[in-house]
Amino acid sequence: MAKFVFVTGGVVSSIGKGIVAASLGRLLKSRGYRVSILKLDPYLNVDPGTMSPFQHGEVFVTEDGAETDLDLGHYERFTDTAMSRLNSVTTGSVYQSVINKERRGDYNGGTVQVIPHITGEIRERIHRVAANSNADVVITEIGGTVGDIESLPYLEAIREFRGDVGRNDLAYVHVTLLPYIGTSGELKTKPTQHSVKELRSIGIQPDILVCRSDRPIDDELKAKIGGFCGVPTKAVVPSLDADSIYAVPIALEKGGLCRQVLDVLSLQDHESDMASWEALVQKLRNPGPAVKVALVGKYVQLNDAYLSVVEALRHACIHCDSALDLHWICAEQIEENGADGLLKGMDAVVVPGGFGNRGVDGKIAAIRWAREQRVPFLGLCLGMQTAVIEWARNTAGLVGATSAELEPATTHPVIHLLPEQQDVVDLGGTMRLGVYPCRLSPGSKAHELYGEEVVYERHRHRYEFNNAYRNLFLESGYEISGVSPDGRLVELIELKGHPYFLACQYHPEFLSRPGRPHPLFTGLIQAASQRLPQSPSEAISQRA
């Protein structure tokens, strides 16, 4: 039978609950426990699939095609365990389910209320993850901050959860902030005390406190916090600001988080094996020469919009003993100022996914620059589509060529709508989503990188390469190196004779892991590293 851990947050938003939950998952897995993590998001959207990246950040896609919160990406990367649509719960999806049940008559004419019906649905979702994941421990992160009105049904649900399982079968972990006041020269505990007081007023007494701070917490302060908040001093776990999110599990292990959780859950504290993770962090902190990578996007003002892409680049750099020198380039600035001025000196260019017209011409200009300057390039989703448009306009001479998404009346729709998408009306959850197989061409760069003939990748798109232009594409020096098993859909392209020019319709960033980087990103960083000076004299020559 599964045990349950609930992670709440107080004082401020974005305090790092997701990283704490993911880190705890890593620590439990290092002791041999099977783990699943789910996120309860208190917004009324059914899922984040139709939300603006500027408001929500990245949409992370699971194997089974759920569009979810970016925290699920952290869960997967830290635990190296695939999550599913069951691991993402929103207030919108909960209410939708309850209302659908009411319309079907499932409640036998009863009055439908927040308690017990909404809270009961939330509890059922948590139990469903436990039943379907075969996990020893299910960790649930509650979005928002204690005190928010939106989070109240979730907090009530996890309070009620005590009645579903034994007291030794669940633990409450509260993440809080200890702000430092410079004029008094001390960390302040009052916000934490009030946050715990608010949680207690709902009926939840935290078992463990994870205290964020920008400086060390001494034993005296831990004892004070524990005394005021009703937790043992040993259950006050410091969480000092870290130089990398991948260092957080190591810090929380030293602080005793996992041991305290296991103690509350009456589980055995097996020997932890974090050696490979610690080695990874050491490599991250002691990298080799830096590679300059330009990420050319539409949403660069909010870095979280491309979170998995950035993490995939980091994973590849760790593997290649390189430091990542990431340059955020707004595609619209390239439209205004030209590609050369913004991209000159870059060792690699990445064009990630996106939707809509804005910034597309800037992406196309960046791809042309990478092609002509022979700079390693990787295109993802829209990045592949814009690479095809760049080919059509500048190599094939197809005047006005573009995507039917961007200009439905174009005479050369080199990217067009998938046939099965023709009659789709709703935007949410209706794209080509989730894992699909891709057959690679023997002898291609992609086949060399993957080392396999068939790979499985995650998708999120409606538009695809138009096969009416396939022969012309192949005749102009390009190769279609990955297709769907039936050969109908173009999934991966590359340019022959170029140091590294690959673009895929799928999202390889979702499958990259710290200890298992994705081959397409590893190949990009390896190719970028080849551009670095190989000796001091070469470095002087280049600077000159």
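Along the chain as shown, the residues are counted starting at 1.
Backbone N, Cα and C atoms are what each Cβ position is placed from, and that goes for glycine too.
According to Swiss-Prot, the protein has these features:
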- 1-267: region 'Amidoligase domain' (REGION)
- S13, D148, I149, E150, K188, T189, K190, P191, T192, Q193, K224: CTP binding site (BINDING)
- S13, K188, T189, K190, P191, T192, Q193, K224: UTP binding site (BINDING)
- S14, I15, G16, K17, G18, I19, D71: ATP binding site (BINDING)
- D71, E141: Mg(2+) binding site (BINDING)
- 292-534: domain 'Glutamine amidotransferase type-1' (DOMAIN)
- G354, L382, G383, M384, Q385, E405, R462: L-glutamine binding site (BINDING)
- C381: active site, nucleophile (ACT_SITE)
- H507: active site (ACT_SITE)
- E509: active site (ACT_SITE)
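Cα proximity to E405 (L-glutamine binding site) (within 10 Å) is found for none of the binding-site residues S13, D71, T192, Q193.
With respect to their backbone Cα atoms, Q385 (L-glutamine binding site) and H507 (active site) stand 13 Å from each other. When the neighbouring Cβ atoms lying within 10 Å are counted for each of the binding-site residues (S13, S14, T189, T192, Q385), the highest count belongs to Q385. Between the C-alpha atoms of T189 (UTP binding site) and G18 (ATP binding site), the distance comes to 22 Å. Surrounding the centroid of the Cβ atoms of G354, L382, G383, M384, Q385, E405, R462, where the record places L-glutamine, the chain contributes additional residues within 8 Å, namely G353, F355, C381, T386, S403, I415, H461, Y463, Q505. The Cβ of G383 (L-glutamine binding site) lies under 8 Å from the Cβ of V350, V351, P352, G353, K363, I367, A503, each on the same chain and at least six residues away in sequence.
The recorded positions listed here (K188, K224, C381) include C381 as those with a Cα within 10 A of the Cα of G354 (L-glutamine binding site). A helical conformation is recorded for I19 (ATP binding site) in the three-state DSSP classification. For the pair formed by I19 (ATP binding site) and E141 (Mg(2+) binding site), distance between Cα atoms is given as 10 Å, rounded to the nearest Å.
A Cβ within 8 Å of the Cβ centre of S14, I15, G16, K17, G18, I19, D71, the residues given for ATP, is found for these other residues of the same chain: G9, V20, A21, E141, V175.
Neighbour counts were taken as the number of other C-beta atoms within 10 angstroms of each residue's C-beta; across the binding-site residues D71, E405, the minimum falls on E405. Between I15 (ATP binding site) and E141 (Mg(2+) binding site), the C-alpha separation comes to 12 Å. The Cα atom of P191 (UTP binding site) lies nearest to that of S13, taking the recorded positions S13, S14, C381, M384 as the candidates.
Taking K188, T192, Q193 as the binding-site residues under consideration, the smallest Cα distance to G18 (ATP binding site) is found for T192. For E141 (Mg(2+) binding site), the nearest of the binding-site residues S14, K17, I149, Q193, K224 in terms of C-alpha separation is K17. For H507 (active site), the spatially nearest entry among the binding-site residues D71, K188, Q193, K224, M384 is M384, judged by CA separation.
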